[in-house]
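Trainee: One structure follows; several queries about it will come next.
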Amino acid sequence: MLAAVAVSRLNLARGATSSYSVLTAKLKHTLPDLPYDYNALEPTISAEIMQLHHGKHHNTYVTNLNVAEEKLEEAKAKNNIKAIIALGPALKFNGGGHINHSIFWQNLSPKGGGEPTGALADQIKKDFGSFDNMKAQLSAATVGVQGSGWGWLGYDKQAKRLRIAVCANQDPLEPTTGLVPLFGIDVWEHAYYLQYKNVRPDYVNNIYKVANWEDVAKRLKDAE
C-alpha cells in the first residue's frame, strides 16, 4: 500500500515537472531570421552593423528574456512576491528589446524607400498634412532622443489617428504609451555608430531610403 502511494506521488511529481518543462518550453523566445541578407541594406546600413545588431544585440535580448521568464516562473511557483517584483526591469528591458527589434527588421527592406501609398498615405496626409511633414516631425523627435531609445510612428486606436512618440532605452511603445507601433527608428548607438559616428541626423534621415512602407501599411490595417 505504502509502495503504491509512493509510486503515485512520484508520478505526480514527474507530471508536475513535465508540465513545468512544457510551460518553460512554450516561453522560449528565439531570434527571428532577417528577411534579407546582412548586406542587403547597404549603403544605408552596413553589413557589419546589421550582423552585430541582429546577431549579437538582439540575440542577447532574447537570451536574457528567456532567463528572466524562467526565473519568473520559479518565483511564481514559490509565491515569492519580492522576486517577482525584482524581475520587472529585466522583463521590460529585454522583452522590449525583443519586441522592438522584431518590428524594426520588418520595417526595413532593400526594396524600400519612396513614399507610402493607399490607406497609409491617406492617413498620413489626414494627420500630418503631408508625408514630408510626418517625416520631418518623426526625424526631429527621434534625433532629439536623449541617450538611447526609439522614435516611433504609432497608431492611436481611440482617436483613430497616427501619432509620433519616443521611448527611452528599450521601452516598448504599446505597453508604455498605448500606441500601436507601426514604424520605429532605433537610435541606440549600436544601430549606427560604426558607420555614422556621432552624426545621428544623417542615420535617421537615410533610414527612410530603406523604409518598408508595405509592412507599415499592413500594421496600420491590423491596428484598425
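Using N, Cα and C of the backbone, Cβ positions are placed for all residues, glycine too.
Here's the feature list from TrEMBL:
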{"type": "BINDING", "residues": "His53, His101, Asp186, His190", "note": "Mn(2+) binding site"}
{"type": "DOMAIN", "residues": "28-109", "note": "domain 'Manganese/iron superoxide dismutase N-terminal'"}
{"type": "DOMAIN", "residues": "116-219", "note": "domain 'Manganese/iron superoxide dismutase C-terminal'"}
Trainee: Summarise the model's confidence over the domain 'Manganese/iron superoxide dismutase C-terminal' (116-219) as a mean pLDDT value.
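Mentor: Over the domain 'Manganese/iron superoxide dismutase C-terminal' (116-219), the predicted model scores a mean pLDDT of 98.
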Trainee: Give the number of CB atoms, excluding that of His190 (Mn(2+) binding site) itself, located within 10 Å of its CB.
Mentor: 14
Trainee: Helix, strand, coil residue numbers for the domain 'Manganese/iron superoxide dismutase C-terminal' (116-219) per DSSP?
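Mentor: Per DSSP, the residues of the domain 'Manganese/iron superoxide dismutase C-terminal' (116-219) fall into 54 helix, 24 strand, 26 coil.
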Trainee: Count the other Cβ atoms sitting within 10 Å of the Cβ of His101 (Mn(2+) binding site), across every protein chain shown.
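Mentor: If we count other Cβ atoms within 10 Å of His101 (Mn(2+) binding site), we arrive at 25.
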Trainee: Suppose the Mn(2+) site is His53, His101, Asp186, His190. Which further residues of the same chain have a Cβ inside 8 angstroms of that site's Cβ centroid?
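Mentor: Once His53, His101, Asp186, His190 are set aside, the remaining close residues are His54, His57, His58, Phe104, Trp188, Ala191.
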Trainee: Looking at Cβ-Cβ distances, which residues of the chain lie under 8 angstroms from Asp186 (Mn(2+) binding site) while being 6 or more apart from it?
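Mentor: Result: His53, Asn100, His101, Phe104, Trp150.
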Trainee: Helix, strand, coil residue numbers for the domain 'Manganese/iron superoxide dismutase N-terminal' (28-109) per DSSP?
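Mentor: Within the domain 'Manganese/iron superoxide dismutase N-terminal' (28-109) the tally stands at 57 helix, 1 strand, 24 coil.
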